[in-house]
Structure formats: C-alpha cells, structure tokens
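If you look up TrEMBL, you'll see 1-10, 37-50 marked as compositional bias 'Polar residues'. Residues or ranges marked as compositional bias 'Low complexity' in TrEMBL: 22-36. Per TrEMBL, the feature compositional bias 'Basic residues' maps to 51-61. Taken from TrEMBL, the feature domain 'GHMP kinase N-terminal' covers 194-278. The annotation domain 'GHMP kinase C-terminal' is assigned in TrEMBL to 368-437.
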Amino acid sequence: MMTQRTSNGVLNGHNGFRSGSEPDSPNTDSSDSPISGVNSITTGTGSLKINTRRKMNRKKSSPMMPAFMVSAPGKVIVFGEHAVVHGKAAVAAAISLRSYLLVTTRSKSNRTVTLKFPDIDFDHAWNIDELPWSTFQHPSKKVYYHSVVTKLDPELVAAVQPFLADVSPTKEGPIRKVHQNAAGSFLYMFLMLGSQSFPGCQYTLRSTIPIGAGLGSSATIAVCLSAALLTQLRALSGPHPDQPLDEARKQIERINSWAYLYEMFIHGNPSGVDNTVATQGKAVVFQREDYGKAPSSVRPLWDFPELPLLLVDTRVPKSTAHEVAKVGRLRNKHPKLVGSILDAIDKVTQASAEILTEDDFDTGSEECLSRVGELMTINHGLLVSLGVSHPRLERVRELVDHQGIGWTKLTGAGGGGCSITLLKPDVEREKLDKLEEQLDQEGFQKFRTTLGGDGVGVLWPAVLKNGMDEDDQGGMEIDLEKFLSAQGNEGVERLVGVHGGGGEREGWKFWRAENDAQF
C-alpha cells in the first residue's frame, strides 16, 4: 500500500506500524507471484529445458514513521470545589500549560521501547520481544483499539508487574513509586493496543505543568501516550479542516477512553475529569453522586471562551484527602449550615456555566468578565467559610486586589496548592509587572496562561515554522537533542509551545469539536 498524507500531514495508509487487531495480510501483487522450478523455452532447433530459481514472495519494506509530537493541556477547577464531593456540580477547564511528547522511531534492528521523562529524571527501556504478549494477545483477553475498556484486568495487571521490578531501583521510595506507576500504566496500554511486531520507539516527554499541584499533570501524560499510540496504529483520522464534527468527537472519545485506562492503573478509580479536559480542551461541567466513583455526568462546554489567567502556585504541599475529610467532619457537625453553603456553591457553578456559554459573551469586555470574576470571588468566600483556604492563598488575593487587576480564588482542594486569577482586559503592564515582582520576592511560582484553550493536538511531522531562517527550508525539525536541551518551561515553550510566550506555532493541529471549530 502506498503511503499518503492528509492535508494536515497526518499519515494514512501503511506506515510500518500494525495494531494487534490487524492480521498480517499476504502480498497478493501479481508481479510477486511464485514461478515454478522448471520452465520450457522453445528455440528454432527444438525445446530447451532450463532450471529457474523460484522467486521469493518478499514483502516490500515499509517506510519508517517520521518523528512526531503530541501535546495535551493541564486543567484547573474553576468553580465547585468540595461541593462536587457532595453531589453538586463543578466546572473544570483546560489551561495552556501543557505536556509535550516526542515520538521517535528506531532502526528495525533496535527492538526496544523507551520512556524518557527528563523533568522527573525517569528513563527506562524494555525489550519488545520479552514483553508478555502471549498473555495480552490471548483470545480471552484481546481487545481492539475501538474497544471501550472500563476496568483493569487483574491478570493483565499481574503480568506487567515483573517488568516494573528494575524500574528506577536507586530512587527513593516515593519517587520510585511515581516512576513505576508511569511505567506500569504505559506498558499496560502499550501491550493492549500494540503487537510484538511493533518497531522500536522512544517516547520523550517534557511538561510545563507543575507536578502535584492539582493541575492534572498525570492525565496529560495519559492523553499524550494514548494519542501517540493510536496515531502509530493508524486508529485516528484527522485532525483536518474539513473533518466532520461527529468524526472529530469520535476521535476525541477514542483518545480519552484509552487515557482513562492509563489513569486507572495509577489512581485506581479516578473521576475521569482530568483526562477528559486534557483530551477535548475547553471545559466541562461534571457531577457525581458518590465521591470516589466516576462522574455520573460530564457535560462538555464546547463554546467555553478563552480567558486570560494568572496561575500562582503557593508551593505549599496540599492533601486533597485531608481537606475533603475536614469539610466532611464540618458537615456532620453542622449539616444544615454546611449544606446551605454547598448549595450556594452549586448555584454559583450553574450560574457561571450559563454566563460563560452565552452567545454574546465578549472576552474583551470588562463587564462580561466582571460577572464571571464576581462569581469567582463569591465561590472563594464560600470555600473560606468551609476552612479550606490557607494564609498563602489569601496573600495572593491580597496582592492581586491591591493592584486591582483581576479576581482571585483558590483552585482544587485548597489548604495550599494553587490560586487562579481572571485578569481584567487591558491590564496595565506596570501593574502586572509589579505584582509578578512581589510574587517572586515572596517565593510564589507564577504562570501566565489561558483558560479554556485547545485539547490534544499533533505536530506531524515534528517540524515547526517559527519565523526563523529555517522556514525558508521548510521549517525547523524538532529532533531529540533540541527537545532534551530546551531549558525549563520557557525553553520548552519557545521551542514547541502551542501557546505561552511564543504564541501558537504553525503546524500544530487539534481535534476541535466545538460547533464553530476552526482548525
């Protein structure tokens, strides 16, 4: 089969990567048909018999897949923290802090698959032929890329465990556990989707998302790996400008379902919200009747606007379980009073979803933004009354209010962690610089980001046009050396960032499923 590219550069047709769901097909090209061992040739003096060698039915070699990248955004909870634990609604939205995964294919003789996450000092390789394919490919276990997998198979989980024993053996306990979780969830998904014929690959990840800050960093890895594997298996179409809305949403659902499997391996019974937002972008309203179980409803807000946001990490370690338990105890002591506070948070959440998806909502209008900002202020005050704020969070609010440049609330469980500030339009540069200088002096970590942006995207091949001299030669190739040598968040975003300091990069494509999607 000839290799073809779609209009956006994503490869269709045979590329040398085969899903375990697709059996080897024999080469039926008539030009390669075998020839019998003896042929008869007629000459002027009679018939001469000659021996001929049987022509081998040789499969044509397949082109190697070029290096490509996928990217997925982190998330923040905008409204509804803690009330969502008690059956109320919450709004979560994508932010433009992202994870970036570079996929490089190795030579055919290199039979290893490697995970390399330099930001957490993780690097490990496995021999593809030594992995437990027989267990995963058994007829009773085999699933296909279009399957909907909603739970882990204990026997398959057990089959992965021996291949985690030598992961990061010199690392301390908590760090090694993080590395083993990442390795185990990857191998589980790799073995379910792939086959032993998979070529050697390296998956290298860089992220601009703070780890452990409640911003969905693990879910972005899950989405990146899901999208990368499905792309390699030719199980995705698009994204491209004329992609039908239903098709785009189907692709999003496929990526999301496999990312959720990755999250299950790490977290056991995750809500599914983080990977959903990281996949589709924009925002969702989610609600669950029983905390600890998957949401009973997740409603996409496809028309959620992009809003300017200042994210501040207090660098105070938080414990979600501790803060949730604290509110639970308070509710048990004062059921009517705390119940009314949770109901009020729910009303704020519902009102915000209505405002943010209004047809005439103007992101450049301070009047429109102030309606959302005021709801953020109310939501924060209600959370303070539940005792889940922290002096460092209140200090951020104090500094922002003093400059008069936006509306601030905590995001996530509280007790530390992060705050978000919706910035007013046309904020004076001097005021913003003064605020950021003060935040730096007091040990906060700040990020200027965008709320409600794109979900998962692909850069195929890994070549960018950044307004540099290389554009005249077709763009700059993002090779492994450039990717690994990028220094910190600024270096990564300058090199490949979809948003951030460098703006959107030409070449990135996204599965956008909003009604007025522009690819």
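Glycine is no exception: its Cβ is also placed from the backbone N, Cα and C atoms.
Per-residue pLDDT, averaged over the domain 'GHMP kinase C-terminal' (368-437), rounds to 95. As a summary of secondary structure, the domain 'GHMP kinase N-terminal' (194-278) carries 45 helix, 7 strand, 33 coil according to DSSP.
According to DSSP, the secondary structure content of the domain 'GHMP kinase C-terminal' (368-437) in residues is 40 helix, 12 strand, 18 coil.
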